[in-house]
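Engineer: Copied straight from Swiss-Prot:
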type     : residues                     : note
TRANSMEM : 11-31                        : transmembrane segment
TRANSMEM : 40-60                        : transmembrane segment
BINDING  : Asp45, Asp49, His153, Asp157 : Zn(2+) binding site
TRANSMEM : 81-101                       : transmembrane segment
TRANSMEM : 114-134                      : transmembrane segment
TRANSMEM : 156-176                      : transmembrane segment
TRANSMEM : 182-202                      : transmembrane segment
Amino acid sequence: MNPHYARLVTLAAVSATAVALVLFIMKVFAWWHTGSVSLLASLVDSLVDIAASLVNLLVVRYSLQPADTEHAFGHGKAESLAALAQSMFISGSALFLILTGLQHSLEPQTLHAPEVGMWVTLIALVATLLLVSFQRWVVKRTHSQAVRADMLHYQSDLLMNGAILVALALSWKGITRADSLFALGIGGYILYSALRMGYDAVQSLLDRALPDDEHRAIAEVIVNWPGIRGAHALRTRRSGPTRFIQLHLEMDDALPLVQAHQIADDLEQALLKRFPGADIIIHQDPVSAVPENQRGRLTA
């Protein structure tokens, strides 16, 4: 396991948990003073943030463990499980917000001291923006699915905090239904984000292939490699930080085994330069053993 990867994803998970805990305490104070249903929505979301980030932290630490005899391909799939668990947490909080918003839209309530809620929400907005910026930086360098799921979660919090600021300001001006209507909109958006996150996690657990641009990058390395007649049966997937790449090379029938092995080794090193840390399996086929309709199937 790359120690740089481990350090970054662990730091991102710890940072998210700490920010969620501080914001939760602040929002409890603000909700107690204002009675705002939008702030209640934000408070519940922060509580879910804490639970989700704690789960994320534990799972990330587990996923960073090296491969062992019982898990020969490592523990990277734990990241996808964390993302799936987060989507369930978030869906539950979103449904709660929608139901609460419906109730308060039917029975509008006057807010108390909305300026307190506005200040707390503004602080939460800035803190969340800083956290999301850091998480995005980590995702660009690690491609961690667990950190990406957490980042998407906190991105929805940015929108939510902005909406709460507007709702509190409108309620301050006497538009009492604004608070509950914004809570409904926030709940709907969070539910959509949760479902999208869950879909991506399930696709990873089902070993979805690497993105098209990465497939093209693999093909660009292979197709013009000296000593091969073609390539086929490219299969890829990702588990946590590790890409898995498998393919078959077509080689001259008379090529000595030692030379064929060296060509495959050199190609593997070239792919590793393009995709550091990848797990690569290359099978060498005599070209006569490959059916004509399968030869050279891999193109750039």
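Any Cβ shown, glycine's included, is placed from N, Cα and C.
Given the structure is predicted, the values throughout are model-derived calculations rather than measurements.
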Engineer: What else in the chain is close to the transmembrane segment (40-60), if you only count residues 6 or more beyond its ends and a Cβ gap under 8 Å?
Structural biologist: 9-10, 13-14, 16-17, 20-21, 23-24, 27-28, 31, 78-79, 81-82, 85-86, 89-90, 92-93, 96-97, 100-101, 121, 124, 144, 146-147, 149-150, 153-154, 157, 160-161, 164, 183, 186-187, 190
Engineer: Near Asp45 (Zn(2+) binding site), which residues of its own chain have a C-beta under 8 A away, given they sit six or more steps off in sequence?
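Structural biologist: Expected: Ser93, Leu97, Asp157, Met160, Ile190.
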Engineer: Which range out of 11-31, 81-101, 114-134, 156-176 gives the transmembrane segment (182-202) the most CB pairs under 8 Å?
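Structural biologist: The listed stretch sharing the most Cβ pairs with the transmembrane segment (182-202) is 81-101.
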Engineer: Any chance you could find the range in 11-31, 81-101, 156-176 with the most Cβ pairs under 8 Å to the transmembrane segment (114-134)?
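Structural biologist: Stretch with maximum Cβ contacts: 156-176.
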Engineer: What other residues of this chain sit with their CB within 8 A of the center of the CB atoms of Asp45, Asp49, His153, Asp157, the recorded Zn(2+) site?
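Structural biologist: Apart from the listed residues, the neighbours are Ala20, Ser46, Val48, Ala52, Ile90, Thr128, Tyr154, Ser156, Met160, Ile190.
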Engineer: Test of understanding: give the count of other CB atoms lying within 10 angstroms of the CB of His153 (Zn(2+) binding site).
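Structural biologist: Taking all protein chains shown, His153 (Zn(2+) binding site) has 28 Cβ neighbours within 10 Å.
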